[in-house]
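As recorded in Swiss-Prot, the features of this protein are as follows:
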BINDING   Gly37, Gly38, His39, Asp57, Phe83, Asp104, Gln111  S-adenosyl-L-methionine binding site
Amino acid sequence: MSGAESYRHITVLLNEAVDALAVREDGVYVDGTFGRGGHSRLILSRLGDAGRLIVFDKDPQAIAVAEELARSDKRVGVVHGGFASFQTALDGLGIGKVDGALFDLGISSPQIDDGSRGFSFRFDAPLDMRMDTTRGMSAAEWIAVASEQDLHEVIKNYGEERFSRQIARAIVAQRAESPIDTTRKLAQIVAQNVRTRERGQDPATRTFQAIRIFINRELEEVGAVLPQVMCRLKEGGRLAVIAFHSLEDRIVKQFVKKYSQHAPLPRWAAVREADLPEPPLKIAGRALKPGEAEIAANPRARSAVLRVAERTAGPIPEQSQRKTSEWQ
């Protein structure tokens, strides 16, 4: 058992998310964020021998768990990488259309609670923050070279931090004296420059969130995968997404809204809306949030929102099909 496996992970909205997929015994499903396999194992329990489950994850520790599962269950295929490679990965596995795809966005509890990963200001550790520790630039490496303006924009846009400019200026001043290479060093700089405190929230929360999102390209990947899933879903197939903060939830909400209704017609158009093809998606029920009992058992579930869409027989607009090639 690796060190990360000693950290307790509670899958959020477990039954609700898998129920939303309406799993068919012979279906093909994708878990785009395997984590420690909570959603995947429940999907597998509902699949028959002819079913398949493809799981994605960037994190090498999560992939180790996924590969162990795949060795004991031949229905499982494993992809070590971000879900933005959705279509390319499915092509490589010889899979065409799928019956459903589930995404549990953001950071997992094992990643937060393993101090060595550098995601949390609760531990003094190397400032890494990469979900995939085998590739890419760490948070410390980026902070060492980013311009003050880039630091400000990332912290403001991805963390919605009011004091982003002051924090960016302080980072640039501090790194001129010594490297900012640990979580504690960064947290101390932020704390000294956030003038007002939010009740129950550490002053470093927004800055750490912002840098993590940027380093891992989290919002770009969400925006990239949604049209790919829409293109690959069978008619009646389901897309289920759990988001934990407003930035990623807004992307999902706007995407589903856009493709579940017709674009407004100009007044001069010689066609009625009723004569247009059916939109490619329809919203499947209202957005769901965890109940009081789940939040009491797992306070980190508090901000979760589950949105579900279903593929219709409607055609997919050409521009959406073109967008899917950008990440292939």
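Cβ from N, Cα, C; glycine included.
Structure with Swiss-Prot features highlighted.
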| residue | record | CB count, 10 Å |
| --- | --- | --- |
| Gly37 | S-adenosyl-L-methionine binding site | 21 |
| Gly38 | S-adenosyl-L-methionine binding site | 19 |
| His39 | S-adenosyl-L-methionine binding site | 29 |
| Asp57 | S-adenosyl-L-methionine binding site | 27 |
| Phe83 | S-adenosyl-L-methionine binding site | 26 |
| Asp104 | S-adenosyl-L-methionine binding site | 24 |
| Gln111 | S-adenosyl-L-methionine binding site | 23 |
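Gly38 (S-adenosyl-L-methionine binding site) falls within a helix when secondary structure is assigned with DSSP. Reduced to three states, the DSSP call for Phe83 (S-adenosyl-L-methionine binding site) is helix. The secondary structure of Asp57 (S-adenosyl-L-methionine binding site), as reduced to three states from DSSP, is extended strand.
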